[in-house]
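Features reported for this protein in TrEMBL:
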{"type": "ACT_SITE", "residues": "C12", "note": "active site, nucleophile"}
{"type": "BINDING", "residues": "S296, D358, D359", "note": "Mg(2+) binding site"}
{"type": "DOMAIN", "residues": "12-233", "note": "domain 'Glutamine amidotransferase type-2'"}
Amino acid sequence: MPNEIKGLNEECGLFGIWGADNAAQLTYDGLHSLQHRGQEGAGIVSNENGQFHRQRGLGLLAEVFADPQKIATLPGTAAIGHVRYATAGNHGIKNIQPMFFDHPGEGQFALAHNGNLTNATQLRRDLTKKGVQFQATSDSELLGELIQTSSQTNFIDQLKASLNQLRGGFAYLLMTPQMMVAALDPNGFRPLVVGKLANGAMIVCSETCALDQVGATFVRDVEPGEIIIVTDKGMQIDHFTTDTHLSICSMEYIYFARPDSVIRGISVHEARKRMGAAIAKEAPVKADVVIGVPNSSLSAAIGYAQASGIHYDMGMIKNQYVARTFIEPTQAKRVRGVSMKLSVVKSVVAGKDIVLVDDSIVRGTTSSYIVRLLKRAGAKSVHVRIASPVLKFPCYYGIDIQTTKELIGANHSVPEICQLIGADSLAYLSVNGLVESIGALNDQPNHGLCTAYFDGQYPTPLYDYQAGFDADVARLGLYEGAN
Ligand code: SF4
């Protein structure tokens, strides 16, 4: 299911390069393969011998750069770029990144952010008291303001001191005239990788699929608490804290990341196949054919079919050419968008008992529409298998669901959801099944994963969000119902 329709959205995608003649073009190409991480806006800043040039706008990357001359206005051998989906702040142009800041030592720096800070309200309040006037409304600007008001004397020390004041999920790319710097939060919620071109140019980006896109080789993952500094002399690895605890967002494996990406050595496609195989074992059902909801559920559907021995077929197709008006982030447009985007292949489903594999159910409106579509096409029965656990808890680390009100799984039992979506049966993967399927880092607690969406076990304090979360738990008795 495309992110923009399901209503479960990643905040952003990052791509930066240092040391390439066509830096802006390569940044455009890299960002293109990260478009799934944000469709509301895009921007690129290039660095021409210390002078910055920027283009940014609302919409898809190809819309922002529809005029081919725009890339030509971004000369220089280094660039950073960003694709955005707003989880914090409004949707205006001022929030489109990269953002610019003045700096007494460096002259200027540019900044791009993926994630969500859990102490943004407090920091904004503190900075406002110090007289800071914010350019925009998103929490991405906070790091820039903290650097500007830091009492440290050089850029890297200012950056380190500022990063240590942030809480929550954050991956940053910054660029000064002299360097590109990447930073990852102490839990490493979001993927961030380093790559290299054959000519020696260094790249930092959100997913390995962007490295493949520009012909770069993978060098390493950015580790929690690290800062990576790239200059004309090469790459230097430093850190702003050693108090780290890896908690990669499990939704990256389930849904957000592209299937051709590899996160911390694990192929996203293979992890999804294992999730499909695991739910086939946990909740078997007799059926004639397995189909997946395109596109993000297809890997899990293949895994389900392989493990169950039930034939896999292409029961649904996705129309790639739906006008942008249907992918605006409102519920009414999402529902209309689903009907424009998805169609059933009648010859595959008519008269058959179907296993429908999907990666997740957020609000339930999409699932109920799909079940109806399949039944209208003549399916005898539709057994829905979700290749992830029930979404019960909000995310405060960079996904746009920040209240349980929106989550059908927080407000209804599995039998109720089954009835609401009109399925003949419904089962979800267990949290253990998920963790084992991803099989991330065996030496770390919870395999180095964040599974808070499913079990409410947040890897960090929630700061600004704690009171709202406590109210949700009290209202819904969430912990009793968590498993
Ligand atoms: S709460 Fe969920 S979506 Fe948010 S970081 Fe954790 S696993 Fe990912």
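Every residue, even glycine, has its Cβ placed from backbone N, Cα and C.
TrEMBL: automatically predicted annotations, no manual curation.
Here the domain 'Glutamine amidotransferase type-2' (12-233) has a mean pLDDT of 94 out of 100. Figure note: comparing Cβ neighbours within 10 Å for the binding-site residues D358, D359, the maximum is reached by D359. The separation of the residue listed as 'active site, nucleophile' from D358 (Mg(2+) binding site), Cα to Cα, is 23 Å. Cα of C12 (active site, nucleophile) to Cα of S296 (Mg(2+) binding site): a span of 18 Å. Cβ neighbour count within 10 Å across all protein chains ranks C12 highest among the recorded positions C12, S296.
C12 (active site, nucleophile) carries a strand DSSP state (E or B).
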